[in-house]
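As recorded in TrEMBL:
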type: DOMAIN; residues: 2-83; note: domain 'GST N-terminal'
type: DOMAIN; residues: 90-206; note: domain 'GST C-terminal'
Amino acid sequence: MATIKVHGSPYSTATMRVTATLYEKQIEFEFFNINMRNGEHKKEPFISLNPFGQVPAFEDGDLKLFESRAITQYINHEYADKGTKLTSSDSKKLAIMGVWSEVESHHFDQVASKLVWELGIKTLFGIPLDPKIVEENEAKLDSILDVYEKRLSESKYFGGDSFTLVDLHHLPSLHYLMKSQSKKLFESRPHVSAWVADITARPAWV
């Protein structure tokens, strides 16, 4: 029986971030679906795992974690000898990874998460989208992807020549955005488009 437990929603990008890492590392785990429409993430027993009432929550034996990027870092370090190596032991490459990890978290995700909500989640549940929010955030994403295009013209992946957690952390948002009108922003940039095609075709993600 797997000792790792993931409590989350299959629709949640943060949950996907964790499960994608586990699949890349070829680690067995148990998944516990949290029904967010019924507010299970704001009640016990889930709230004891994440006091902020947000998915996912993670357990590995007696260790309990929340915050998806902290969880993926833990998985990558604790199970370094399993599956795909998702980081570097070289300090300079690690520093570059750190920079682009911050960019993904503080720039890309801040915009992408709003577009995912409007163009992905709302669509799934038949909720009308807000065109103004979409327009504002597509403009912001357009500028961010200009920076991405330059970086990816110099390097196959954000951390260098190998796929790392930095690239993986983008996958959940791409899952929604590449099925929406926003895909044109990615497809219009050759290096960004090639990177998206590469990482979304990875067997662990598929």
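Even glycines carry a Cβ here, placed using N, Cα and C.
Broken down by DSSP into helix, strand and coil, the domain 'GST C-terminal' (90-206) contains 85 helix, 2 strand, 30 coil. Averaged over the domain 'GST N-terminal' (2-83), the predicted model reaches a pLDDT of 95. The residues of the domain 'GST N-terminal' (2-83), classed with DSSP into helix (H, G, I), strand (E, B) and coil, number 29 helix, 17 strand, 36 coil.
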